[in-house]
Amino acid sequence: MAVHKEVSFVAYLLIVLGMFLYVDALGCTKECGNLGFGICPRSEGSPTNPICINCCSGYKGCNYYSAFGDLICQGESDPKNPKACPLNCDTNIAYSRCPRSEGKSLIYPTGCTTCCTGYKGCYYFGTNGKFVCEGESDEPKPYMSTA
């Protein structure tokens, strides 16, 4: 009989622990955030369709390449605290490769996005332009047709 009580107690503990983990995994609440816009550094351009940027204004974490595939530089500007950079285009730069390659680089308006529902690697700013947070959610993978 004591074995049954121990098993029941252990099962009860596992259920209670599982409920706490489940509640924690539910994640984001449903209320809307008060975010003005978001920036998600993305890969842009190609050897045949170059971008207009320079190393100073390029995003940290992104690499910038020539039309021949030579690395020109790594981006120097932090989206959370951008550098004051000249607006000229470095004609040696044709394209960028960033850790995130899909989706929009600028999210405006943000709709009901919150810090919790915002995508990891994206930076969100208030309506006053001040940095608020980095997104916390994984971005859904784009649907790929197998046909």
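Each Cβ is built from the backbone N, Cα and C atoms, and glycine gets one as well.
These numbers come from a predicted model, not from an experiment.
The signal peptide annotation in Swiss-Prot covers 1-25 and rests on sequence analysis. Sequence annotations record features per position, and here Swiss-Prot assigns repeat '1' to 25-82. Look at Swiss-Prot and you will find C28-C116, C32-C112, C40-C122, C52-C89, C55-C73, C56-C85, C62-C98, C115-C133 tagged as disulfide bond. As annotated by Swiss-Prot, repeat '2' applies to 83-142.
All features noted in Swiss-Prot, drawn onto the structure.
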residue	record	DSSP class
C28	disulfide bond	coil
C40	disulfide bond	coil
C52	disulfide bond	coil
C62	disulfide bond	coil
C89	disulfide bond	coil
C115	disulfide bond	coil
C122	disulfide bond	coil
Spatial neighbours of C28 (disulfide bond) among the disulfide-bonded residues C52, C85, C112, C115, C122 [C-alpha, 10 Å]: C115
Nearest recorded site to C98 (disulfide bond) by CA-CA distance, among disulfide-bonded residues C32, C52, C85, C112, C115: C52
Spatial separation of C122 (disulfide bond) from C52 (disulfide bond) - C-alpha basis, Å: 21
Tertiary neighbours of C73 (disulfide bond) (same chain, Cβ under 8 Å, six or more apart): C55, G58, N63, Y64, I93
Which of C52, C62, the listed disulfide-bonded residues, has fewest other Cβ atoms within 10 Å: C52
Per-residue Cβ crowding (10 Å cut-off), top of disulfide-bonded residues C56, C116: C56
Sparsest Cβ surroundings (other CB atoms within 10 Å) among the disulfide-bonded residues C55, C112: C112
Minimum Cα separation from C89 (disulfide bond), reported as the residue among disulfide-bonded residues C32, C62, C115, C116, C122 that achieves it: C62
Candidate nearest C32 (disulfide bond) in space, where candidates are the disulfide-bonded residues C62, C85, C116, C122, C133 and distance is Cα-Cα: C116
Chain-internal residues near C122 (disulfide bond), provided their CB is under 8 angstroms and they sit 6+ positions away: G38, I39, C40, R100, I107, E134, G135
Site of maximum Cβ density within 10 Å, from disulfide-bonded residues C85, C115, C133: C133
Neighbour-count leader, CB within 10 A, disulfide-bonded residues: C28, C32, C40, C98: C40
